[in-house]
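Lifted from TrEMBL, the feature list:
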| type | residues | note |
| --- | --- | --- |
| DOMAIN | 53-226 | domain 'K+ potassium transporter integral membrane' |
| DOMAIN | 258-578 | domain 'K+ potassium transporter integral membrane' |
| DOMAIN | 591-829 | domain 'K+ potassium transporter C-terminal' |
| TRANSMEM | 45-67 | transmembrane segment |
| TRANSMEM | 87-108 | transmembrane segment |
| TRANSMEM | 247-271 | transmembrane segment |
| TRANSMEM | 283-305 | transmembrane segment |
| TRANSMEM | 362-382 | transmembrane segment |
| TRANSMEM | 402-429 | transmembrane segment |
| TRANSMEM | 450-472 | transmembrane segment |
| TRANSMEM | 484-506 | transmembrane segment |
| TRANSMEM | 513-534 | transmembrane segment |
| TRANSMEM | 540-557 | transmembrane segment |
| TRANSMEM | 577-597 | transmembrane segment |
| TRANSMEM | 617-635 | transmembrane segment |
Amino acid sequence: MAATVEIDDDNENNKGSMWVLDQKLDQPMDEEAGRLRNMYREKKFSSLLLLRLAFQSLGVVYGDLGTSPLYVFYNTFPHGIGDPEEVIGALSLIIYSLTLIPLLKYIFIVCRANDNGQGGTFALYSLLCRHAKIKTIPNQHRTDEELTTYSRSTFHEQSFAAKTKRWLESRASRKNALLILVLVGTCNVIGDGILTPAISVLSATGGIKVDHPNMSNSMSLLLRVVCLSISTVLLSNPLLFINSKSLIVTPVACGTGVVVIVAVMILVGLFSMQHYGTDKVGWLFAPIVLLWFLMIGGVGLFNIWKHDKRVLKAFSPVYIYRYFQRGGKDGWTSLGGIMLSITGTEALFADLAHFPLSAVQLAFTVIVFPCLLLAYCGQAAYLVNNKEHVIDAFYRSIPDGIYWPMFIVATAAAIVASQATITATFSIIKQALAHGCFPRVKVVHTSKKFLGQVYIPDINWILMVLCIAVTAGFKNQSQIGNAYGTAVVIVMLNTTLIMTLIMLLVWRCHWFLVLLFTGLSLIVECTYFSAVLFKVNQGGWVPLVIAAAFLLIMYVWHYGTVKRYEFEMHSKVSMAWILGLGPSLGLVRVPGVGLVYTELASGVPHIFSHFITNLPAIHSVVVFVCVKYLPVYTVPEEERFLVKRIGPKNFHMFRCVARYGYKDLHKKDDDFEKKLFDNLFLFLRLEHMMEGCSDSDDCSLYGQQTEQSRDCLLSYNNGNTTSSGIDLTISTVDSIVPIKSPTNVDLTVRSSGHASSQTEVDETEFLIHCRDAGVVHILGNTVIRARRDSRFYKKIAVDYIYAFLRKICRENSVIFNVPHESLLNVGQIFYV
């Protein structure tokens with residue numbers, strides 16, 4: 001006896017295919033035992049896969065956090081150590097900072113608030129936008145909520161979550177305040193992308209200048225020759241003083257000047273290879289970072305055993321109280337340096353998309369956390385007996401035999417940490433661009449495996465220039481550390497405030513748990529924030545200036561985007577006016593297809609009336625194309641397009657809405673025009689099919705298909721439609737037809753054998769004929785101007801800043817790969 005089971009395979013390489021499995025019901029017991037053994041092996045394989053992903057996550061997620069031991073103690077005690085007990089108190093603060101922020105808050109709480117695996121500030125904002133109507137650009141449609149990647153739940157009217165939702169939605173000022181909060185966090189993450197490479201590479205290359213008493217003579221000689229060569233070539237007035245007999249270099253020789261030069265050379269090389277992408281240059285990242293963690297953990301264990309085991313008493317929180325009691329104000333301000341031990345935590349969350357949460361958690365608890373604790377305890381044990389070496393605590397504490405291998409690995413780990421932060425910066429700018437909060441820039445997809453790995457050339461070179469300026473301008477770790485700490489603590493504060501709303505609106509946590517999480521997080525982070533405020537004049541102003549500049553750019557661009565959309569909404573043409581023009585629209589209809597791009601997902605845009613008012617002809621087929629981004633990480637290809645008809649059939653006017661997520665890209669090989677026409681042909685087929693079913697009362701008008709409508713669908717296409725994954729819904733409100741089109745099937749209808757009526761064949765052939773006659777892309781070039789009676793700051797923002805950004809940003813025609821000979825720009829001006 002056998003049973004046949006049909007399984008619809010969801011594998012991307014076999015989408016739409018049917019697999020038939022015959023399962024013997026009378027199988028013998030030995031076959032059943034074999035099946036159980038296979039299940040056990042599959043479970044074991046899953047565990048091995050988890051270990052492999054945890055290993056790979058080290059190179060992408062934890063590079064920044066792992067390089068913090070290079071500079072923490074120096075930034076904590078920039079003026080030296082007075083009492084060895086201060087080292088134990090600082091170590092205790094480091095231990096509990098690592099435990100409370102990265103381990104408890106981020107790894108086990110914040111990382112769970114991911115958007116389908118995507119992390120970062122804008123991912124949290126997108127999650128909130130799906131649970132409350134807080135988007136400042138109201139371009140969403142009810143059909144968007146039917147996407148498979150659009151997860152949304154309902155609220156009980158009297159629940160605390162529903163009250164919070166209504167409170168947020170009631171005023172536009174609250175929506176804008178939340179957006180500004182997200183933008184501030186984003187701008188500081190961009191600041192991290194500038195400061196992380198500067199401090200990491202500068203700290204790693206600082207090992208050049210350490211005057212280690214027991215270095216190998218040959219290695220020391222080689223290093224000094226290299227330093228002399230670099231200084232002689234790059235500096236017109238070499239900083240070296242050389243004794244011709246012994247080739248002894250003065251302390252200035254391998255000092256700050258050469259360290260900065262080497263750091264700048266590494267940074268230039270780092271940013272120059274970004275166009276290859278993390279996927280191509282990152283295959284060595286995980287082994288390097290794993291080796292780095294094992295080495296700093298081993299060196300830390302060695303220093304604890306060799307120098308002072310008493311530092312382990314720092315696990316008692318009593319020493320934190322004694323530290324503040326003894327240090328007073330200086331102890332309080334030193335928190336700015338201690339906080340550097342948790343830098344990289346925000347990059348951890350931003351880079352979450354590449355790996356499962358369980359793999360990230362496993363890597364942190366098994367490798368990262370224990371090795372970091374050992375590294376800090378080992379440095380503290382060394383400093384208790386060598387207080388004068390605090391400036392170069394990391395390199396001074398390394399045993400002589402592994403000094404140079406450790407130097408090489410430290411430099412490589414600093415490059416990895418910088419790479420991870422730069423990649424996170426690209427990713428978050430791409431998200432901001434999708435939300436209409438950043439000027440249109442060129443975005444290159446660098447990996448076929450990972451959706452979120454992108455490269456933005458313009459931003460890359462801006463980051464490089466600013467990073468070199470910071471490195472060469474400050475020349476020491478202390479001031480860069482102050483700047484770095486300021487940026488990090490602001491990002492953490494923003495994340496805490498956004499997480500409060502996530503816990504209320506998405507997780508539906510009890511208000512007491514929300515209050516507990518928010519209160520504890522704010523106590524710790526506000527304490528750090530108060531400490532970094534004392535160092536604003538010592539380098540802490542740098543991230544504030546960088547963040548303010550990017551915030552100005554992002555908010556002005558978003559303001560202009562919102563005003564353009566509002567203008568489109570208020571000036572759109574009524575359908576009565578279109579119907580009054582008649583089938584010819586009052587003009588000559590010339591052969592061809594006109595694709596009119598608009599911001600609107602409904603209604604006829606003002607650009608169309610402006611166009612036909614000034615020109616005496618319009619194309620035989622007009623398609624209004626709206627490309628919009630939704631608060632989801634991706635829109636599946638088969639759910640991307642929404643198609644509807646505008647007016648009667650003899651008008652030959654359609655609307656096509658192309659929906660994208662904030663991770664989706666317009667790639668060069670992505671034939672947008674072909675996909676648009678494929679979905680337009682599919683719409684005609686489905687429209688005529690539904691007309692054939694319209695006599696039945698069982699046909700759904702509200703997005704649900706009954707059995708009879710499904711039978712009609714099957715009889716119409718002989719079952720091909722269902723196996724292709726096509727879903728049809730019609731709304732009586734706006735007649736939008738969402739269609740799920742198969743990506744591996746040519747949907748263009750060219751023969752009457754696939755049609756149910758001669759009318760469909762005629763319209764399809766007419767559309768094909770018009771497409772072959774030529775396709776013209778009509779884009780609006782809307783110019784915004786401030787009114788004469790506007791305030792001066794509004795005039796500056798609109799007439800100068802926004803106008804400048806519009807001038808230098810990419811055109812939509814470039815993004816959609818529109819041929820220049822097929823482009824037609826329609827200009828119009830409106831005043832705000």
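Using the three backbone atoms N, Cα and C, a Cβ is placed for every residue, glycine included.
In TrEMBL, annotation is done automatically, which means it is predicted and not curated.
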So which residues does the transmembrane segment (362-382) touch in its own chain, when a touch means Cβ under 8 Å and the partner is 6 or more beyond its ends? 50-51, 54-55, 57-58, 61-62, 65-66, 68-69, 72-73, 87-88, 90-91, 94-95, 98, 102-103, 107, 290, 293-294, 296-304, 306-309, 311-312, 314, 341, 389, 393-394, 396-397
Quickly jot the same-chain residues contacting the transmembrane segment (617-635) by Cβ under 8 Å, restricted to those at least six beyond its ends, or write none. 115-118, 123, 125-127, 129-130, 135, 139-140, 144, 147, 149-150, 353, 434-436, 451, 585, 587-601, 604-605, 608, 611, 646, 652-664, 676, 680, 766-767, 770-771, 773, 776, 816
Sequence-distant contacts of the transmembrane segment (45-67), meaning Cβ under 8 Å and at least 6 residues beyond its ends, amount to 102, 196, 200, 203-204, 278, 282, 284-290, 292-293, 296, 342-345, 347-348, 351-352, 354-356, 358-360, 362-364, 366-368, 371-372, 410, 413-414, 416-421, 423
Overall pLDDT of the domain 'K+ potassium transporter C-terminal' (591-829), taken as the mean: 71
